[in-house]
Amino acid sequence: MSKKLHIKTWGCQMNEYDSSKMADLMDEYKGYTLTEEAEEADVLLLNTCSIREKAQEKVFHQLGRWKKLKDKNPNLIIGVGGCVASQEGKVIKDRAQCVDLIFGPQTLHRLPEMIDQIEAGGKAVIDVSFPEIEKFDRLPEPRADGPSAFVSIMEGCSKYCSFCVVPYTRGEEVSRPLDDVILEIAQLAEQGVREVNLLGQNVNAYRGATHDDEICTFAELLRYVAAIDGIDRLRFTTSHPIEFTQDIIDVYEDTPELVSFLHLPVQSGSDRILTQMKRGHMAIEYKSIIRRLRKARPDIQVSSDFIIGFPGESKQDFEDTMKLIEDVQFDHSFSFIYSARPGTPASDLPDDVTLDEKKERLAILQDRITQQAMRYSRQMLGTVQRILVEGPSVKNPMELRGRTETSRVVNFEADPKHIGSFVDVEIVDVYTNSLRGNFIRGEDEMDLRRSLRPSDILAKHKKDDELGVTQYIP
């Protein structure tokens, strides 16, 4: 009988991606199968996130529950990974004696060897090092789980915003080689994946090495991926305004596979607070990016992250944020009350905005974003939207569920044969968290793009050398 693995994941999409790779590794090298029930597992893995307040205590509460399982089964192996493990590994081991292994985001590829060591009776293992891109060299071939897939193109961040722990828990920016990224996506496309979401803490800082020792920019990578046969929808997250350059905006103008939706975190609309956060840009520069984007792609929708109650945030600072929200007309946001992260520069600042003020401002901001999102949804009434069908509807398994380019869930009635493909639906009703549609046509009635080689795409974009001679670089 195969052994069983249970993984509990907290945090961002990068953590979700990492957890899927842990499962693949444990299956490929150890023969473990996933289980949803911790009580059935031989190995329990907790993939942690350090972004939210009291992240460390949340870890210990979960480990306390798992300790009871280990008391009943001394052979049970418990591991802690992710950003809290990277930041607080020794503290976890000292406080939770039930933990057998602790590993960071950059060492999850060593998981099978760590398990071998524990199964052989070895001592607890702690490995929270930063071995650069080695992690991706050791991962097994990707396995598709539905028509949409995440693909990590880089790790870490080198921006060192004053509030953020990512550079300390995931290391500085390291890009995967171009060929590795393209191969993984091509393998997923062969398994039926139609939509790819490129992942990284700061994807637009991507600088991947090519086979001929050149550097591939993020804009060039987008065009390469869009040219892969079978990939008809392309997303990416997350990006930083200071590296959202014109060449990336140009991709929106000529690459229909790239969706009309962008998550571009701004955090605050106050120049004073942005400076305190060490974001490297002002509010007007952010708005300039959005204006140029909407010139290239008029129907693009934008979402953002906001931190409420950063140290020193005055009422005027908050009003500046609300003014930015009004000017940009965000479609969605991830908004958080500020809480100091240990070891960050901002943690040395006085947390002088009261909790009641933070909660009040958060409610005001979220209400405004919700109103704007509902207005966008209502504008879709009567329109025909192309959606990627993900599977049965959550509330009614006799119906289907898909997503628009702007990530809105649409429920509709149609033949299950359409799961995994694109369909056109007319939007007939709008709800707070979803849309209702009527099926119009399936993929066999659509005029989808013809297959193109990557060189066909890139050859359209000229480059001038230092002498001013125009070259076309395939």
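Cβ coordinates come from backbone N, Cα and C, glycine included.
Helix, strand and coil counts from DSSP across the domain 'MTTase N-terminal' (3-120) read 65 helix, 22 strand, 31 coil. Annotation comment: Swiss-Prot describes 3-120 as domain 'MTTase N-terminal', evidence class sequence analysis.
Summarising the annotation, Swiss-Prot assigns [4Fe-4S] cluster 1 binding site to CYS12, CYS49, CYS83.
As annotated by Swiss-Prot, domain 'Radical SAM core' applies to 143-375. If you take every residue in the domain 'Radical SAM core' (143-375) and average the pLDDT, you get 95.
What Swiss-Prot records for CYS157, CYS161, CYS164 is [4Fe-4S] cluster 2 binding site. The secondary structure of CYS157 ([4Fe-4S] cluster 2 binding site), as reduced to three states from DSSP, is coil rather than helix or strand. If you take the C-beta of CYS157 ([4Fe-4S] cluster 2 binding site) and look for same-chain residues 6 or more apart in sequence within under 8 angstroms, you find CYS164, VAL166, PRO167, ARG170, GLU172, GLU173, GLN201, ASN202, ALA205.
What Swiss-Prot lists as domain 'TRAM' is 378-441.
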_List the residues in the vicinity of the [4Fe-4S] cluster 1 site, defined as same-chain residues other than CYS12, CYS49, CYS83 with C-beta within 8 angstroms of the site's C-beta centre._
TRP10, GLY11, MET14, ASN15, THR48, SER50, ILE51, GLY82, THR169
*Compute the centroid of the Cβ atoms of CYS157, CYS161, CYS164, then list the same-chain residues not in that set whose Cβ lies within 8 Å of it, in sequence order, for the [4Fe-4S] cluster 2 site.*
LYS159, TYR160, PHE163, VAL165, VAL166, PRO167, GLN201
*Give the distance between the Cα atoms of CYS12 ([4Fe-4S] cluster 1 binding site) and CYS161 ([4Fe-4S] cluster 2 binding site), rounded to the nearest whole Å.*
18
_Using a 10 Å cut-off on Cβ-Cβ distances across all protein chains shown, tell me which of the binding-site residues (CYS83, CYS161) has the largest neighbour count._
CYS83
*asked:* Around the C-beta of CYS164 ([4Fe-4S] cluster 2 binding site), how many further C-beta atoms are within 10 angstroms, looking at every protein chain?
replied: 22
